[in-house]
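Asker: Below: one structure in structure tokens.
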Amino acid sequence: MSTLPPLYATLNVALGGAIGAVLRYQMGRWMTGWLGAPAMSVFPWATLAINALGSLLMGVLAGVLFKLSPGVQDQWRLLIGTGILGGFTTFSAFSLEVWVMVERGQPAFAALYVVLSVSLAISALVFGLMLTRLFA
């Protein structure tokens, strides 16, 4: 629970969420331009990359927040963690993409995507934490 006033906490989450959603949209557009629409229609590369990057950044954030005072932690956790990274990463899109692959008759791709997404997300989070412990 936050120590910030409820309105202030809500505004931090809302602002961060808007920023994160725009960043996710722009990264998806950039990846489509970089890899091409055919590659993006075969495998959800953008969602995989976004969720892995978001996990890395969450690990960095967690490592940094650990060193801050509780009041400062709350503001940055709500703005960046819940807001920006919550708006940036997307578990609902991941779930839909897995199911679409299953419906297309591609259960092996679906399984690969699940394994890659979970292992990359956890590995990226741990790497982010290790970076902050190494450099902070």
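Cβ coordinates are placed from backbone N, Cα and C, and glycine is handled just like the others.
Because the structure is a prediction, the values reported are computed rather than measured.
Okay, these came from Swiss-Prot:
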TRANSMEM  3-23  transmembrane segment
TRANSMEM  46-66  transmembrane segment
TRANSMEM  78-98  transmembrane segment
BINDING   G86, T89  Na(+) binding site
TRANSMEM  109-129  transmembrane segment
Asker: Which of 3-23, 46-66, 109-129 shares the most C-beta pairs under 8 angstroms with the transmembrane segment (78-98)?
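Answerer: Ranking 3-23, 46-66, 109-129 by Cβ pairs under 8 Å to the transmembrane segment (78-98) puts 3-23 first.
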Asker: Would you identify the secondary structure of G86 (Na(+) binding site) according to DSSP, in three states?
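Answerer: In three-state terms, G86 (Na(+) binding site) counts as helix.
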Asker: Under 8 Å Cβ to Cβ from T89 (Na(+) binding site), same chain, six or more residues apart: give me those in sequence order, or none if nothing qualifies.
Answerer: G20, R24, I50, N51, G54, S55
